[in-house]
Amino acid sequence: MSQQNFRSILTGSFSTPCDDNPTVAMIEAAYRHHDIDARYINCDVKADGLKDAVAGARAMEWVGFNCSLPHKVAVIEHLDELAASARIIGAVNCVSIRDGRLIGDNTDGKGFLASLKQVADPSGKKVLLLGAGGAARAIAVELGLASAAHIRVMNRDPKKAETIAALVQDNTSAKADVQAWDGEASVPEDVDILINATSIGLGDAEAMAPLKIETLRKGLIVADVIPNPPRTRLLREAENRGCTVLDGLGMLVNQGVIGVEHWLGRTLDAGVMEQTLKDIFGAA
């Protein structure tokens, strides 16, 4: 009788609320595609239960897990080690468990960077980054580490933007500055890449960050971190004006690919994951 193994490899996610997180569907579809006997368990973990959840993952010999809101900063005190970019960013969304040691990384910016590199090398480029939240912070640091020439952070609260600009300046070779976001913003002619890292457009196909559409010019790369809907109004307007556009699906998919590479040493089929998300979001 051949030896059989009925123990699946365990991965997952800790967040609250977790009901609307499609990562589980995306990653488990890829596990099935590659015939990998693994599970991705989407767990609703309240703030006061995070310590126990992390200890439980270690005790049950999970190979890794994602952390989403509100745990990206709080989880750090429960880890043994941080990857370099996670240390700079000050937030973790991906934890690997190796020989009982918990190693935290931040794949938000890495996922965006992988998507961007499919159309352009950020090295030497000038970037206008809209927003100053967690996604903007991670993206700015990774762009700086990838040798972007200059990053301007535009936000309604300039103090938050100043924090990100200082992180970039102090930890990377890129130059960074800040611009207050008052009314409709213009995209300067010397900007190579425009990134919407705000939540404007999430779940609303007609919402758009206040920008002067006429300053979106041919040759400009316009990226939106919003995964749903994938074709935000910003991207539709930019495409109509001849810009190269990047939707938020690529960032989300690449985060999943990078996370599983950390956990299993396997590279999942990004196409399977992207199609799963498109089916969920009803995108063409």
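Even glycines carry a Cβ here, placed using N, Cα and C.
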Gly131, Ala132, Gly133, Gly134, Ala135, Val225 bind NADP(+) per TrEMBL; candidate in Gly109, Gly201, Gly203, Gly248 listed for that same site: Gly248
Identity of the shikimate-site residue among Gln255, Gln275 (reference: Ser68, Asn93, Asp108, source: TrEMBL): Gln255
Rounded Cα-Cα span from Gly134 (NADP(+) binding site) to Asp108 (shikimate binding site), Å: 9
Among Ala132, Ala135, Val225, the one of these binding-site residues whose Cβ has the fewest neighbouring Cβ atoms within 10 Å: Ala135
Model confidence over the domain 'SDH C-terminal' (248-278), averaged pLDDT: 97
